[in-house]
Protein chains: 2
Amino acid sequence: MNTKGNGIEFISGGVVAAKGFRATGIHAGIRKNKTKKDLALIMADKPVAAAAVYTRNLVKGAPLTVTAEHLRNGYAQAIICNSGNANTCNADGIEIAEATCRILADAAGIAASDVIVASTGVIGQPLSIEPFRKGIPILVEALGADSTGANEAIMTTDTVTKEVAVKFTLGGKECHIGGIAKGSGMIHPDMATMLVFVTTDAAITPEILSEIVRKDVVTSFNMVSVDGDTSTNDMLAVMASGEAGNAEITEFNAEAENFAEAFGVVTRALCRKIAADGEGATKLIECKVSGALNDETARVVAKSVITSSLLKTAMFGADANWGRVLCAIGYAGTDTDINKVGVVFRSEAGDVEVCKDGHGVDFSEELAKKVLTEKEIVIDVILGDGNGEAVAWGCDLTYEYVKINGDYRT
Amino acid sequence: MNTKGNGIEFISGGVVAAKGFRATGIHAGIRKNKTKKDLALIMADKPVAAAAVYTRNLVKGAPLTVTAEHLRNGYAQAIICNSGNANTCNADGIEIAEATCRILADAAGIAASDVIVASTGVIGQPLSIEPFRKGIPILVEALGADSTGANEAIMTTDTVTKEVAVKFTLGGKECHIGGIAKGSGMIHPDMATMLVFVTTDAAITPEILSEIVRKDVVTSFNMVSVDGDTSTNDMLAVMASGEAGNAEITEFNAEAENFAEAFGVVTRALCRKIAADGEGATKLIECKVSGALNDETARVVAKSVITSSLLKTAMFGADANWGRVLCAIGYAGTDTDINKVGVVFRSEAGDVEVCKDGHGVDFSEELAKKVLTEKEIVIDVILGDGNGEAVAWGCDLTYEYVKINGDYRT
């Protein structure tokens, strides 16, 4: 059974696992390929507490600007997201994003200022409002318990849908948190993340929700890297309906901690799914750093390791080239005593220690090959500088990544 | 004819173009493959002024530590370099590097403290001294006007040798500067560079030589990136024999400037060769940034663009996906007004403007394809923030890069 501490249990349902939300996705004609859904909607029954974090890229998609404006009061009722076009670097980008919100507001009988709008796809290509005009009324009609449809509609080069949900209790009331996410290239979030939409029925104020989200991304989505490229359209948006009936969380008490823990279980599960489905990836690479000077140093080291192209190709080739791990630690720009570094490769096939005190140790190449041929690899980096810890998630670098990105637009 | 300003003219000869130097390379048995040379020697007739810069990676190859110690007095007589093993992260690394110097000193009748020692290859594999014991006497015997042999011996995954030489005049005397270099992966220098060895017959003090080298790398080798990985063994070493007969350069006068200019012509030519022969590369990508707040900002932007995996794969696919250029500018972490950014792709096939004032402009996809199918692409980034300029050199990211690095050790 999929259980976590504090009675947190994995369940199905994605963004409709929480009470008070409906969702769906359709093909609205933003993409040429009619078999691919391209417009997603997640709708709350009423305006609810909401929070979001965004990319730190100076180039920001127009939808992010519009969403930030709409979330200033801490409330939202709907998330609308198209794939196939990022609506970024377009002269009329803001206009299009605002028009999208208005059309949805009219069709669903809600306020345009309660709409969170997001886009993902090619940068710098004009986005026509026509598919939205035609599609949104159909989208609103189709709303239901359809997390997968919404998930499919936000996918770009993703090969699988990514949804997670948990149930847990707050003050004796059963609560739910569920999320959907899309990757899978241009993934190296800074501050926020790729597109992730989360719903919960826990009652919580916008202020506390926002704080929990901001704190969570430091060790969740900001620790994922597929290719070192920080997207222009990254966004994590959360809506909390309060329909679970728990006493509203209005301060950082034990209930807030319980909520944050359950939230973290959802986001970390999504992180792993996003990394494992990185463009062209054949395996999930998790780098665990311990013994660092502090947690921040551990994060920088972990991210440097999973971002290294050389390490990523070695993982693709199941080659225990641990020198590349040391190399990436060395150029991370941190205060690290290289002569105390240890490295262990781990997977379901076993553990193999390859480096101790900064020097190579004898190991079985045969066992190493076996360990690294698995689908999920842990690179355990043990430093000797303090008690700082971190985990980062990435993937291998493959022919397929090059193929996908060599001709993405056409 | 290959001429530059101030009478600087390209000539042949590499590291033996300058008077007072001999060189060669042999297969000494460090590598298993007997058809691949693995030990290079460059020798001056007497101890001469010398300078070097090294990687900033915290993990430093043992040879760098030994070389830095030997260069403390500003003089050297020989550069010995093996490929096939980096002699890094080995418990006995320093011992092996020092033994190499002693063996060469005995065989050539020079001082061990006048030897610059370098290694390149796999990290963390024991390096036996035996091939050096057997090979060095043969190497010393073979010394002659053989720049190419030395160049071949330092190659790892390089597909072509990289040598450049120029002649120019200082105070009426004909002087020469020549260099050899190896790439071609783990190339993203910080402070120093891959392996580059330069000789000159200009007379110049170690202090002025060292200053010129340190200043030059900021805009030459530090602006090259193949894969974002900063090697543990990067080194640029220069020896100046003084045999050209010019009045020794002892201060930063006009002659020093002339020397620095000629030196820069050699290093920039080597930069282009290293980038063009990046692992798996099919084309040289040059990013020229102008209009930045200052030169440092321009360098950060230029390097961010040529380092982007997404941009590199797009270049491989000859896909004018300029949004990825904007994206890489946006996450460079600089003070840049995105609404003033212009981008032009240039090559021998023509120019195509793709972005102006931060937004896309209509362009011919047919022409863009033609422009990007050439072997040398210039990405011209025009900012509107000031007068800062920079050039960075990189290459495309291809299937071949993944193949080369997926199983490098075996």
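Backbone N, Cα and C define each Cβ position, glycine as well.
Bear in mind that the values here come from a model prediction, so they are computed numbers and not experimental data.
As recorded in TrEMBL, the features of this protein are as follows:
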- B:T193: active site, nucleophile (ACT_SITE)
- B:T156, B:K182, B:T193, B:E279, B:N405, B:T410: substrate binding site (BINDING)
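Under the DSSP three-state reduction, B:T156 (substrate binding site) is assigned to coil, being neither helix nor strand. Filtering the binding-site residues B:T156, B:E279, B:N405 for a Cβ under 8 angstroms from any Cβ of chain A leaves B:N405, in order along the sequence.
In terms of local Cβ density within 10 Å, B:N405 ranks first among the binding-site residues B:T156, B:N405. According to DSSP, B:E279 (substrate binding site) sits in a coil region rather than a helix or strand. In three-state terms derived from DSSP, B:N405 (substrate binding site) belongs to a helical segment.
Neighbour count (other Cβ atoms within 10 Å of the Cβ, all protein chains): 28 for B:E279 (substrate binding site).
Around the Cβ of B:K182 (substrate binding site), the same chain contributes B:S83, B:T120, B:N151, B:I154, B:M155, B:T156, B:D158, B:K162, B:M194, B:L195, B:I274, each under 8 angstroms and 6 or more positions distant in sequence. In the three-state DSSP reading, B:K182 (substrate binding site) counts as strand.
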